[in-house]
Every structure is written in structure tokens, then in C-alpha cells.
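Novice: My structure is below; once you've seen it, I'll send some questions.
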Amino acid sequence: MQRNFLETDRVTVAFGGIVALKDVSLSVVQGKTTAILGPNGAGKTTLFNAVAGAVRPTSGKVYFQGADITNASPSRRCHAGIARTFQITQPFGGLSVRENVMVALAARGVTMKEARAEASTYIDFVGLNAKAEDPARILSTGQRKRLELARALSTHPKLLLLDEVTGGVDRPSIPELLDVIRRLREERGITIVVVEHNMEVLLGLADNAFFLNRGEVVVTGSVEEVADHEAVRRIYLGDADVAA
Amino acid sequence: MLEVFGRRPYLVLLVMALLLAPVPLLQLNDYILHVLTLFLIFAVFATGWNLTLGILGLKTLGHHAFFAVGAYASAMVSHYFGVSPWITIWLAALIAALTGLLIGFPILRIRSMPHVAIVTLAFAEIVRLVFANLKEITRGELGFWGIPPFDPIQIGETTIRFGLGNAAGSFAVAAIMFVGVHLALLLLLRGRCGLTFLAIRDAEAAAESLGVRLAAWKLFAFAISAAVVGLSGAVYAHYVLILTPTSVAGPEMLISLLAMIIVGGVGRFFGPIYGALLLTVTSELLRDFGDFRMLLYGALIIVFVFAAPAGIAGLKPRFSRKETETRKTVEAV
């Protein structure tokens, strides 16, 4: 059976009695940027974690490039070509920016000398070269988001999962950050899945979108179609209890 | 990694080695050499423990078990089978490493640090009880005596002897182990290993998402850490020549070593050395106070946790950073 680049097939994730995702099936096309939208508690990050391997689905399957990766560890998924960033940034605070990037390169088997040199490429790409030798813990939120992009990039990903990439970032820094993300796709051909609250950001970034509410996919389509959908507007306006 | 190792770690170690080298030739009295020998053994113990506690970030509280395993393994093999302690100390390190792997496997499944602490603490208590109850082999709390000292070494006309009563030779063995272990760990930790351990410590989920194989690296760290602690235990056994389960795996050992690491600086490579020096010397100075020494240790832990959480090793960089910031502000103005 021919499968899409990334597919979730009826994925359900339950934490005890709480069902965070219910029968979520979606597919991501290679080379496109796909947005996952939804209000707080919709299951966006859980879906992300299920794809990245941080959470094992209670039922259902996850396929990447046709292979079943449902039970693969996050490190195996990384070696297969899936990289991610985090909603709340997770820098290695005791390491410098360069060393943060070197961790991923070392995990790929690159020698320390080569890793030190190669790290510069990714640090330059995200515009952190002035901070390369600074400890990661002193970076601002926006700089941490860029550091996570550089780290993810150093794994040579085919699929990049970006969790609330503008969350906590000061408004003036957002356009620069979005520019880096666009260049990831245009210059490096990386397929991107992005979770984001800010509709304005998504309209300029994503091709397709999935709208989640209470753990289920409610609307799918192009990002413009999803943004204009009546159900999406109602839920975002806080009228979630009204049937779509 | 600057925060962990400082700017010139090899130079710092070289200075330490140069300071230690002439000590056996200084004709110091045996008591001072005894205190310094204990400091060196405990410094290696504390550094080994700091590898998982401070550098990998696993809050383990049972490393005195590996010290006991190393001490008893080397003592028993040399006593019962007549094998030279020069060989049994390495065997003891290997046995401690395998024991580390044994406890490392269940710990991999535990995400909560308080639970890691409790499980490892319980493991140490089990080890202590096993040695206490295997009376036919270990003589329990009566003490395992008859442990042979290291075989003498003949250099030209001079014979170097070891064990209690041969202070200079014992100091030399401890000093060589101290420098050798720290050099080996520096070589290991300044590369891929150290980078990966620190990444796991700071953000485990992020490290795994970047391709780091958590289970393999954690087990490796546990094995290395246990081997270092086991080696220090083995050298201790052939120095003091008598062991009791409580003396090597009891609560006093746990508190003393934890205090050395915390006071010296958790997660700083040289921190445990400073802590071991300060507390071993202080402990000897306060010997007249008996069990009240533990009160002092407890108080020191509390003071350092609140006033200087980065320990002695963290004091200098802290001041340096302040100075740098002040300088930047001044330049900006």
C-alpha cells in the first residue's frame, strides 16, 4: 500500500481515563508545510509527541516514509529523519550554543573536531553566530527557539516538527524566526509540521492545516480554508460547545 | 562544558600531581600522610559518584554500595585465593561495574528522581545487609581482617612497602590512583561522552530527540562510575586492612561522601576533590567530637545548599561572571 510521507492511522492516546487523542488520522505531503491548529487542550502537542515518539499511542499506527514507526524510540526516529523542537524550549543550559549543536552531531558519529566545525554551519543558518560560545541558559526565548532549530537541523532531518515556534517570543523577533523556517523548506527541502496558535503566522507559513478539537480532527484543508471555516471560527471565539 | 571543567582542566590536574609528587619524600609524620591518603581515596570515590550524580544528573544515593563491593571483592579474592592485590583491585573495579549495570537496568525505567534516590539507597542497604549476614565469608560486623596489603615493590636497593604503618608507600599508591583516574576521566569526559552526559542531565527528552540513545549512555555512565568507586574501595581495603559492612556501606559513609560532593560542587569535575580535602581534614581535626562530626557535616550541607549551591568549585566562576558583567556594563557606559 502506497503511503504518504507521514501518516497517522486512527491514533488514540489515553492517559488513564483521559482521552487526549481519539482516532486521529492525518497525512503530511513531502515538501509541504502542514499546520496543526486547535484551542488549548485540543491534543496538538500530544499528537506531536506521538509522531516524535515521546508518547506511545494507546492504539493506531504512525508511518514515516512507508515504515511503521509506532514503537520506535525518539532516538531511532531521529536517525530515520524526524527532528523536533519543544513548546517550552529545552536547551542544554550547561553547554554553550555550539556544544548544544554538537550533541546531535556526536550522536550521529561525527568526530568532535568535525562536529565543532560543522556546528558553525547550523549556528550561522539560524543567525546565532554572535552567541556561539555563550552558555545556552543565558539566551532569550527567541534565541532558544533558534537554537532548537539549529540543533534539529544538525540531525539532517527530512521532517521537522515545530511546536509553538513563536510561543513566548517577543513580537519584533517573530518575522526573523519565520524567515529562518521558510528558508528551511526553500533551501533545504525539509517537510515541516507546525503547531501554532497564531493564525496570522500560519497563513504566511503553512500550505495545509488540520484543526483539532477535544482530541479529534474537526476540519482539514488548505490553511486558508481551515482559517475561514465556521467551526474553527466558533471554537476560536470560545463557543466550543455549539455544534459545528 | 566550561562550567564543569573550567578553562584549563589538564593544567589544574598537572598542578595537583606536582603538589602530590614530593609529599612522600617530605618526611611528614605518618598521621598526616594517613589523613592525606584517606583524602585521595575519598576524592576518587566522590569523583566517581559525581559522574552519575552531578554530570549525568541521576540522583543516586547508593554509591557507597559500589565502594563496599569493590572493597570486599578485592579483599576476599586476595585473602581466600592468594591473588596479588595489584590484580584484585582491577577485578574489584570490574565486579563493581557489573553491579552498577545490574542496578542501572531497573533505574532506566524510573523517570522520577526521588524514586531513583530511594531505589539506590535501598540497594546500598541490601548490599550492607548481605555483607553483614554472610558471616562465614565476611565475618559480618566483627570485621573482615587478614586482608593482605599491596605486595612490596623493589626499586634498586629500596623496598617500598604498603598498608597501614607504611604511610609513604600507601600515600604513593593512592596518589597514583588519584591522578590516573582523574586523567582517564578527563580524557573521557572532555569528548563525546561528557557532551552527551551533560545533555542528558540538562534536557533528557531533547537529547533523545537528537538521536542520543539514552539507555546505552546511562548504563555506560553507571558502569564507569561504579568501576571508579569500586576501585577506590579496593585500594581502601588494602590500605586499612580491615572492613566492616557498616564502615564501608553504612549511613556515615553515605553522608560523608555526599557532603564532600555537595560542599565541593555537584557537577563540577574538580568539586569533589576540594570537598574531600576540606572534609577529610576537618573530620580529623574534629575527631574528639565523635559522632557530633555528622552534625557538622549535616550543617555544612545545609549551608552550602542555600549559600553556595555550586559548591567550592563554583565560587570562582561565579565571581568571574560578576566581574565580566560589571566590566561589560562599564564599557557600555
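Any Cβ shown, glycine's included, is placed from N, Cα and C.
Pulled these features from TrEMBL for this protein:
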{"type": "TRANSMEM", "residues": "B:9-25", "note": "transmembrane segment"}
{"type": "TRANSMEM", "residues": "B:31-49", "note": "transmembrane segment"}
{"type": "TRANSMEM", "residues": "B:61-81", "note": "transmembrane segment"}
{"type": "TRANSMEM", "residues": "B:87-108", "note": "transmembrane segment"}
{"type": "TRANSMEM", "residues": "B:115-134", "note": "transmembrane segment"}
{"type": "TRANSMEM", "residues": "B:167-189", "note": "transmembrane segment"}
{"type": "TRANSMEM", "residues": "B:219-242", "note": "transmembrane segment"}
{"type": "TRANSMEM", "residues": "B:254-282", "note": "transmembrane segment"}
{"type": "TRANSMEM", "residues": "B:294-315", "note": "transmembrane segment"}
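Could you place these features in context, so I can see how deep they sit and what lies close by?
Specialist: Beyond the transmembrane segment (B:9-25), the same-chain residues lying 6 or more positions past its ends with a Cβ under 8 Å from any Cβ of the stretch are 33, 36, 40, 168-169, 171-172, 175, 178-179, 182-183, 186, 190, 269-270, 273.
Panel annotation: around the transmembrane segment (B:61-81), residues 45, 48-49, 52-53, 88-89, 91-93, 95-96, 99-100, 103, 117-124, 126-128, 131, 137-138, 144, 146-148, 225-226, 229-234, 236-238, 243, 245, 248-250, 253-254, 257-258 of the same chain, lying at least six beyond its termini, place a Cβ under 8 Å from a Cβ of the stretch.
Within the chain, the transmembrane segment (B:87-108) has long-range Cβ neighbours (under 8 A, six or more residues past its boundaries) at 58, 60, 62, 65-66, 69-71, 73-75, 77-78, 116, 119-120, 123, 214-215, 218-219, 222-231, 233-235, 238.
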Novice: Determine which residues of the chain contact the transmembrane segment (B:219-242) at the Cβ level, with the cut-off under 8 Å and only residues 6 or more beyond its ends counted.
Specialist: 37, 41-42, 44-45, 47-49, 51-52, 55-56, 58, 63, 66-75, 78, 85, 88-90, 92-101, 103-105, 107-108, 143-150, 162-164, 170, 173-174, 177, 181, 185, 188, 193, 197, 248
